[in-house]
Amino acid sequence: MGLSDGEWELVLKTWGKVEADIPGHGETVFVRLFTGHPETLEKFDKFKHLKTEGEMKASEDLKKQGVTVLTALGGILKKKGHHEAEIQPLAQSHATKHKIPIKYLEFISDAIIHVLQSKHPAEFGADAQGAMKKALELFRNDIAAKYKELGFQG
């Protein structure tokens, strides 16, 4: 299920928009995730108390988490599918320490797509959306395979 060179080009061009404002994109992605799927808050001890969108937007910890996640994801996307070295420790920590179900990675992927659509409608057309969805699915599938190796049924 690899991506073509053209698809990777679309993914990385779009990701350039994210990198221009990682804190803003990260915050918006996590607010979208937590408001759309409040059950995901339970996996984040430092965010469990956040009940409203306003509280979420005011949280410096949430902003930092957004930067951490999107920076890591950007590094993975830039590997164009050759991300074994990056995926291994991520899968290990998400399976054994954080116990993040794959379903939650689908939720955050959907949040990323939504945020890109809303922040960059002109640059994130159907082709770019399709390529990004494919890249995020590749990432999730590779994490899921590592989860299986680790015996985590997330």
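For all residues, glycine too, the Cβ spot is worked out from N, Cα and C.
What Swiss-Prot lists as heme b binding site is H94. In sequence order, I100, I143, Y147, G154 make up the list of same-chain residues 6 or more apart from H94 (heme b binding site) whose Cβ falls under 8 Å from its Cβ.
Annotation comment: Swiss-Prot describes 2-148 as domain 'Globin', evidence class sequence analysis.
Residues or ranges marked as phosphoserine by Swiss-Prot on the basis of similarity to another entry: S4. According to its DSSP assignment, S4 (phosphoserine) is coil. Residues near S4 (phosphoserine) in space but far in sequence (CB under 8 A, at least 6 apart, same chain): none are found.
The feature phosphothreonine is assigned by Swiss-Prot to T68. In three-state terms derived from DSSP, T68 (phosphothreonine) belongs to a helical segment.
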Protein Cβ atoms within 10 Å of T68 (phosphothreonine), excluding its own: 12
